[in-house]
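Notes follow once the structure below has been shown.
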Amino acid sequence: MGFSETQEELVLRSWQSMKKDSESIALKFFLRIFEIAPAAKQMFSFLRDSGDDVPLESHPKACESATQLRKTGDVKVREATLRRLGATHVKAGVADAHFEVVKTALLDTIKDAVPEMWSPEMKGAWEEAYDQLAAAIKEEMKKAA
């Protein structure tokens, strides 16, 4: 299934609403990942030895993924970015199951951030955007392995 104009509009509209609070939302996103899969913290080089206190809000890498869409204004990702993401994910030991954890955390975070906008259609749009990005990263991971 492709990413339709309607789905892109839903993602961009919700992102417009969320971007004013993107740092806080990024923090909630990462904390949700660690709530679902506590061991995931070890996959982030800047968090490996941080103990229980995770100062994500002051670390630029923590917000990078959440703000990428805002910077580009588009859901498409450049080839160079995909190659870098693929190599980074291989180096970190990311597996298919990790992508599902991130997807769940992402959807939960967005639902909490824009409850007045949340709908089955919006959920589907974010799922499609995420699934396409995850598939592209996985493809680059195969090349980098």
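One-based numbering along the chain as shown.
Glycine too: its Cβ is placed from the backbone N, Cα and C atoms.
Swiss-Prot lists Ser45, His59, Lys61, Arg84, Thr88, His89 with the feature heme b binding site. Cβ environment of Arg84 (heme b binding site): no same-chain residue six or more positions apart lies under 8 Å away.
Residues or ranges marked as domain 'Globin' in Swiss-Prot: 2-142. Looking only at the domain 'Globin' (2-142), the predicted model's pLDDT averages out at 79.
With a cut-off of 8 Å between Cβ atoms, the residues of this chain six or more beyond the motif 'Homodimerization' (35-39) that come close are 98, 101, 104-105. What Swiss-Prot lists as motif 'Homodimerization' is 35-39 (among others).
What Swiss-Prot lists as motif 'Homodimerization' is 96-108 (among others).
Counting every protein chain shown, 14 other Cβ atoms lie within 10 Å of the Cβ of Lys123 (site 'Homodimerization'). The DSSP secondary structure for Lys123 (site 'Homodimerization') is helix. Annotation comment: Swiss-Prot describes Lys123 as site 'Homodimerization'.
The two recorded residues, Lys123 (site 'Homodimerization') and His89 (heme b binding site), have Cα atoms 25 Å apart. When Cβ-Cβ distances below 8 Å are used as the criterion, the motif 'Homodimerization' (96-108) is approached by residues 29-30, 32-33, 35-37, 40, 43, 123, 126-127, 130-131, 134, 137-138 of the same chain, each at least six residues removed from its ends. The Cβ neighbour count for Thr88 (heme b binding site), using a 10 Å radius and every protein chain shown, is 15. For His89 (heme b binding site), the same-chain residues lying six or more positions away in sequence with a CB closer than 8 A to its CB are Ile137, Glu140, Met141.
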